[in-house]
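Working notes, structure below.
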Amino acid sequence: MQVSNVNDVKIYNLSCGKSLPEWLSDRKKRALQKKDVDVRRRIELIQDFEMPTVSTNIKVSRDGQYIMAAGTYKPRVRCYDTYQLSLKFERCLDAEVVKFDILSEDYSKIVFLQSDRYVELHSQHGRYYRLRIPKFGRDFAYHYPSCDLYFVGASSEVYRLNLEQGRYLNSLQTDASQINVCDINPAHHLFAAGTTEGKVECWDPRTRNRVGLLDCALSSVTADMEVEGLPSVSALKFHGPLHMAVGTSTGQVVLYDLRSNRPLIAKDHQYGLPIKSIQFHSALDLVISADSRIIKMWNKDNGKIFTSIEPEADVNDVCLYPNSGMLFTANEAPKMNVYYIPALGPAPRWCSFLDNLTEELEENPESTVYDDYKFVTRKELDELGLSHLIGSPLLRAYMHGFFMDIRLYHKVKAMVNPFAYEEYKKEKIRQKIEEARAQRVQIKKLPKVNKELALKLYEEEEELSQKKKKQKKMPNILSDDRFKVMFENPDFQVDQESEEYRLLNPLVSKISEKRKKKLKILEKLDAEDGEEEEEPEGKPSDAESSESSDDEKGWVEEVRKQRKLLRQEEKQRRQERVREDQQTALKPQFYEIKAGEEFRSFQDAAKKQKLMRKTLEDRVKVEEKLGTLNVSDTAVGSKQLTFTLKKFEQHRKRQEAEKQHQEERKKLRRSAGHLKSKPARGRPFH
């Protein structure tokens, strides 16, 4: 049993416990239950309360004696007798069950809506009749006064099947394209159908007329919600004559009063998953809504969360046992969960012992690996030398490895490594010796990194400990895990030769000296029993101020000295680099021509002129051979041409002519620099 406490509400998971491997036979399971205490003490409230693979629907009969569940694979329905706490019967079906309902007080009359459009009517002995509906069905509801079954599905029509006459009646035509869910109010028998457009249509079964239309899509959307599409109705449930709860495909539950089109309250599951089931708990005024991930219980008046359940597997259906605190869920897993919440109500009459048992039980988390078997991978099998056992009964394939008996594993492990116990023993002895050493008087060892800083911190700690007055101990950096890396990682080593450290060190040292002096003065003041404002003896305030100014001058001079030294060192390094550059002799660099290339001189102009006289087709062929032209196909199917343009000969000649003309103009120009004007008449003319 697993116990969880959500919002101060205890939830007991009666299905959680040590499970047995599926490959074991019934005889071995019984033998294991006798030997293993954990298996024997686990709580199996109802025997074989599970499905082969997945359970899709679960319901309780109106008399409370029978629990019926549908699942797969293969499609089947199982009936459990609560008085006997065991399986009463099991029936296999031809197709998966979409929805089923119990029409009688016990299990004698059941209707199954299957995924292949068939509807099966079962009696106490088995299948009574089988018929088909025109469209694929998604939900149905039974109207007790008229014995009519209302089927909804992938159609705009609501099909009516009268069980008294044994024939179909006229269908109800809706405005929707498809209908997901339907329900009938037990008080006044109002029929409601939830559509994919996010609307709820209400019909009167007596007149077969629509009496109301409610748009829930806009009501479920709030200001702080992000909705990608139009929400459709995925769940529908009446509560009393006036209230109706609507669940949407985007994860909202909206509560309505039938007299108004405005919602009383809207609750968001915050997961964005379709609401699959809605139940009401009348005693505490709670709404139990469930999507595939979570089951939430909240107050229908103010929306305050009462508690919530998050199963390990996805939820398909939820059933609340009447007048109790027991909850059943159909999951995407073989085991169907049974939850007991004492805050909701007492345990049912057939398991009243739970009230006394839950007080004594403690939380036992479910084990994911069987204790009697060891999970090993193929690599571990190779290391143990057991690869030849693959395929034998000693190894059971599971996921990416195998299950093997734990006793066999220990034997093989001891044979492969016979000294494992000796190594384990030595390790334990070493741990005991280290624990004993820790109790002795320890000498403080300096760390490998930042030894000077650690020594300084040790000295400050000793000075504080030697003081007479007891002060509150400040946390030490050496013992703080946050600064542990600073004394272990060499990357945090303080470089005392760096420029920043040498400039800051005089200032830091002077500040520490001033701090020590102030501490001594404060100690003297505390020791004296004179007046509070009395100055220290033999030390007036003027002398103290003059001393502080002298200290400031001292560290300023020290900083200047360090700056001067740094400049000198930088100058020396530059001179050394220049000297090294002068001493190094530069050697000529040789370049190797690639294989297949030829050295060409500058006398290829004639060849280029001949090439320019040729046609474009001939030039393209020559350029492709030389490699200066690149033609490639693109992904779309076109071609891409890449080439290099060269200057024309005429353009080059024109540039040379312009250059020659400018030089001639410079030679023929006559300068007027020898002409000078008088200073009084203005600037000289140049």
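Each residue, glycine too, has its Cβ placed from N, Cα and C.
Record features, source Swiss-Prot:
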REPEAT    50-90  repeat 'WD 1'
REPEAT    270-308  repeat 'WD 4'
REPEAT    310-349  repeat 'WD 5'
REGION    526-590  region 'Disordered'
COMPBIAS  551-582  compositional bias 'Basic and acidic residues'
REGION    649-686  region 'Disordered'
COMPBIAS  655-666  compositional bias 'Basic and acidic residues'
COMPBIAS  667-686  compositional bias 'Basic residues'
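With DSSP states grouped into helix (H, G, I), strand (E, B) and coil, the repeat 'WD 5' (310-349) comes out at 1 helix, 17 strand, 22 coil. Residue counts of the repeat 'WD 4' (270-308) by helix, strand and coil are 0 helix, 19 strand, 20 coil (DSSP-based).
In this model, the repeat 'WD 1' (50-90) carries an average pLDDT of 92.
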